[in-house]
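Novice: My questions will all concern the structure given below.
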Amino acid sequence: MWSFARYTQKFCLRNLQLKNFSNKVKVSSLLFCSPNVRNISNWQCKRFTQSDAKDLASGVPSVKSDADQLQPKPTYNVSFTCTVCNTRSNHNFSKQAYHNGTVLVQCPKCKNRHLMADHLKIFSEERVTIEDILAKKGETFKKGYGQVINGNVVEFKPPQFKIRPAKSSSSNSSK
């Protein structure tokens, strides 16, 4: 019986098969396709580099050091009260999205969406953040550094009291 999923899988495999993974073959990138568990007709693809192709040819799995692993991306946490239903909630979003993209957060109770930042100019003619919006309304916006545990802010420090990491003793001894 013919199925779209099997045809796509065979098509992906045929396109990915290389006769020789030697140095003569310049493999800039490959796509590895695997079916999505939820829906067999959707395919997820992962890009492989030339070094991955060499590892596949030699049969040795590549082990990356801790330095090569991805570092956690900086995130922001905002706690706000929905103006529609007066529900207080916490939301996380990336620092990159807040400073370069458009961020909307959804109230968990009334499902209303609130604009936090719009640097892509989707909702207005100028780039705005929640700080600008609240300043125009005359409301306050508190910034700081802290810890959020189980949805509650445990420790909050204003920006001028940012805790800096202690200098290591090896850098002090080299002076």
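A Cβ is built for glycine as well, from the same backbone N, Cα and C atoms used for every other residue.
The Zn(2+) binding site annotation in Swiss-Prot covers C82, C85, C107, C110. Under the heading zinc finger, Swiss-Prot lists 71-166.
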Novice: Restricting to the same chain and to sequence separations of six or more, state which residues have a Cβ under 8 Å from that of C107 (Zn(2+) binding site).
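Specialist: Within the chain, C107 (Zn(2+) binding site) has Cβ neighbours under 8 Å at C82, V84, C85, T87, S89, R113, H114.
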Novice: Between C82, C85, which of the binding-site residues has its C-beta surrounded by the fewest other C-beta atoms within 10 Å?
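Specialist: Minimum Cβ neighbour count within 10 Å, taken over the binding-site residues C82, C85, occurs at C85.
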Novice: Within 10 angstroms of the C-beta of C110 (Zn(2+) binding site), what count of other C-beta atoms is obtained when all protein chains are considered?
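Specialist: So the Cβ neighbour count for C110 (Zn(2+) binding site) comes to 12.
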